[in-house]
Amino acid sequence: MINRAPLQLLSLLLALAHTTNAMMDPLAEPEILTAENYVEKTAGKTIFVKFFSPKCEHCVTMAPIWEGLAKQYGKKRHGMIAAVDCSGEGRELCVKNKITNMPAVLWGDPDNLEPYTGGPEFEELYRFARRNLKPFCSANPDRQHLCTAEQNATIAEYEEMLHNGTLDREIMEKEDEIEAARDFFTVEATKLNDLANELHDRKTAVFDPEIMKIMKSVQGYHRYKTVFAKYGLDFETGRPLESDTVVRGEEVVSLDDDDAAPKKEDEEPSRGDEL
């Protein structure tokens, strides 16, 4: 079995070498979160967290990339690269966040994490962290100072709905609308894709592209052969032609044939003939 760990480490080191947007902190490590330290560690931060198990093969593969991400991102006041061990002390957090497949990567407000939908490559993870791990408005008291007056008014409105018992229903309705819109998009995108395939087939049916290639190859071969002949060269070998040739238009004519030899116009009689 091939050991891919050295190749993965090499890939990570090359990626780090080409990343110059920030100074790397060699001492930084992913913050290990548990149910006991979660509130304290994540207070006021936007987090990027990986849920894993040491027994998961894909988790082991991703481990050096995630560790490199933590070192490159470093320690920030408003952002954090974290990890949760679902087979250890982080099991409660994994249940709370409904983690079923690992590794799973979530991000955002610690009280309302969202799935990360980007790629697993180091460059993409790092780019995402730099762009998104920033302070933002939230109902969390630690973040409300980041909200505008309008946003705080909206938060107060939803808190009132929560107390009235209508917020859950409102969220479900909006989620249903989002799901319906997503399904509609999928259906319509499929129709567009089918239409594109149909139009492509119609275009191909007009004339087979492969036949056109053959036609042009015949045309091109003849043209190149004519050019070579103009310079007295054989197209196949590049050597001088054995017989003298001339090119009339695009036709190669051998001068060995009597009929092909150009005839001279009426010559003046020699002085002897005149006599």
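Along the chain as shown, residues are numbered 1 onward.
In case you wondered, yes, glycine gets a Cβ from its N, Cα and C as well.
These come from TrEMBL:
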- 1-22: signal peptide (SIGNAL)
- 13-134: domain 'Thioredoxin' (DOMAIN)
- 246-275: region 'Disordered' (REGION)
- 260-275: compositional bias 'Basic and acidic residues' (COMPBIAS)
Tally of residues which DSSP labels helix, strand or coil - the domain 'Thioredoxin' (13-134): 45 helix, 26 strand, 51 coil
Rounded mean pLDDT for the residues that make up the domain 'Thioredoxin' (13-134): 88
